[in-house]
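Report on the structure given below.
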């Protein structure tokens, strides 16, 4: 048992002060058990009594861990980090020109049917260095090719979801984007979406006009359509290299790779291979045989076998590394993609990964990262002025969606005129129709917000926006829309109050307590229910009462929260009229960012 009891003594003694156990804002079950000098199974049992299911690697919040510690007769104290552990390991900033060149990192984007995958296969089959591993390949989400003695790293990510996830967490993994457009189909909506993401990333774009073997191929039409979208090819006076290709016939592949090397030379891409490694997670999964596996793109330094690394809210020691063809390697230099084993848990795509000196330093960094809410770098109308004042941003990126084309241009023009000497307003995407998941992804990637005028939002888009804390504003009066943005850049916009549903529970039985109060025996349906939360009781879809909860119990124990799938007893202040099948919504209110 985790709880400790003291035997009665014949003599009255002054109890010694309780041992103080310092914990981070988040702690794993194993770490908590080690701190208590007890078996992790006992901690798991104690959590179960509180309605929390956990395994040995589960991370729990400080308040939950505190209850376990106090039940064991100790005092819990939140460990406060005096200095950012991340800052201690940040590589020294030196002139990049002193460092050796590194391979460029390239992402291929475009419409799903325009030959993007076949183009990747053509590049891989003609140039990939497969012979090192006897032809045995392993998909790790990235691979390297070599042309004229120079390496190029390709990120083989589906769509632009991973691309967006990396940028949404502040990780810039790509140096160059290849935009693939089919010469017969021309520019499609998904092409424009990919172009928006590439522009938002601020990286050079190479145009691959694919399917040139088709009799109906019309490359000039592609160039014209892209020019109308703001991407002008070199031969028309712009900055974009356009390479005709045929993935089917493997034509134009070498020319495309040479274009990549040309851009890389102009960009002068360099990195220091002699510092502690840092990079970004580009794929991550739980391998049923080998445990947590992360594919990492090393961006600076050299990652070595045995290194202790931190990625977001997890850490580990590099037990094994594999290159893009499945060969075990002992080190990985800048721009090298590797699959590594040894993480405590699965990191998130887009997490920055960094090598540290000690396990203690790794734990401190994980603790610090756990104290920071994992949200995107998106701003909101409410906080944009503060962000500008602090020097965090110099641009306000907006995705604008309207009901009709006639509304789009005047709103767009009005917003762009609100730019000041301190902040520039960019309309990253404008279009007609509902707000889509792609719009939210672009807002995530660009650190922007979304404005809808007389238009709706798709369910998946709303769900993603809620999860990633993307600010979406809806208007049906143009002057109000423009006025709010103007006030926002001047710091005059009042914050709005929003309601957040924490969890829902259904009443399954009603009990009378000894104090003549009714207690609702409930099953938590979703989320989590909290003691002292505001609760809305719904009966037949109608609100019967809105009151604070004053009692939350599991069996005979008072608890602070109960999660979905567990039963609990709930009491509401000054309310006794519970009925079976009533729905209880637990919620809180907070200011929008």
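A Cβ is built for glycine as well, from the same backbone N, Cα and C atoms used for every other residue.
Within the listed segments 110-117, 118-125, 126-133, Swiss-Prot records region 'G1' for the stretch 110-117.
Checking Swiss-Prot for region 'G2' across the ranges 135-139, 140-144, 145-149, 150-154 points to 135-139.
Annotated range for region 'G4' in Swiss-Prot, selecting from 206-209, 210-213, 214-217, 218-221: 210-213. Note on Swiss-Prot: of 156-159, 160-163, 164-167, the range annotated with the feature region 'G3' is 156-159. Following the DSSP three-state reduction, the secondary structure of residue 212 (GTP binding site) is coil. A strand conformation is recorded for residue 110 (GTP binding site) in the three-state DSSP classification. In terms of local Cβ density within 10 Å, 110 ranks first among the binding-site residues 110, 113, 116, 212.
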